[in-house]
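Below is one structure, written out as C-alpha cells, with a few remarks after it.
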C-alpha cells in the first residue's frame, strides 16, 4: 500500500509532462501479404464465433425445454463470449489493414476496462457452471429446489455486476500516470503490462496491485472449480453402471476443456504480467483465451449436447416453415 501511494504521488508530480493523446497498437508486424491472410483468417473466425454463440443464445431463448439453470448459464456464457470478442477483434481487424494503427488514449483505456471486466466475468461464470454441475450430479434430488431459475438469474446478475466493479479504480490510477512517449504498444490490445511499461514514472505499486487483484480472482475461482469437480468425480466413480459414468463424464467433460484452455492461458499472462514473456508469446497466448476459446465453446457445448442439437434442429425446421409460409 505504501509503494502504491508513492507511485500516485510521483505520478501527480509528473503530471506536467507532455501527455500522449493516442497509442500505436502494432498488432502483427509482418509483410502485407501475411497481414491480409491474417485479416481473412481472423475475420472468418470472428464471424463463426458470432454465429455459433448467437445460435446458442437464440436456441435457449426460443426453446422452452432449455429454460433450465444449466442452459440459462450456457446462454449467458455464450452472450459473454460475443461481448468479449467484440472488445478486441473488430479493432484488431481494423489495425491489421491500417497504415497508422492508432487508438486514442480514451479508447485504449475503455478497451482495457471492458476487456478485463468481461474476462473477470468469465472467471465468475465458469465456477458458477461448475457449481451447477456439482448440484446436478452430487445432489440430484435437491437440485430442482436449490438451483431454481430465479436463483440462477440472481447469481448470474451478481457475476456481471461484480465483474464490472473490480477494475475501475486500478484503471483510473493507471490513467493518472504520465505517458509522455514513446506511445507504441507491441500488442493488438491495450493490456496493463505494455501500458505500464510506457509510463514515464515507474509504478511498481500499481503494477503489483493489478497483478495481486488478478491473481486473487484467478486462483480463488480456479480452486473453486477444482473443488467442485473433485466432489463430482468422487460421486461419478461410485456410479455402478458404466453408462451412468459415461453420461456424467460427458456432461462435465466439455466444461473441463473450456476451463483448462481459458485458465491455462490466463495464468500465463496475468499471474506475473512482466515475467519476461516476449511480445510474440503474449500475442499468441492472448489470442488463445480472447479469440480461440470463444470460437470453440459453441462446438464443445452444442456438438456434445443432445438437447442443444435437438433445439437447434427444431429452430431450423421452424425457420424453414415460416419462410415457406
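Quick reminder: no glycine exception, Cβ is built from N, Cα and C everywhere.
Within the set 14-32, 71-89, the record from TrEMBL flags 71-89 under the feature transmembrane segment. Here the transmembrane segment (212-237) has Cβ contacts under 8 Å with residues 120, 123-124, 126-127, 130-131, 133-134, 137-138, 166-167, 170, 245, 248-249, 252, 256, 259, 263, 266-267, 270-271, 273 of the same chain, all six or more residues outside its ends. For the domain 'G-protein coupled receptors family 1 profile' (52-301), the mean pLDDT of the prediction comes to 87.
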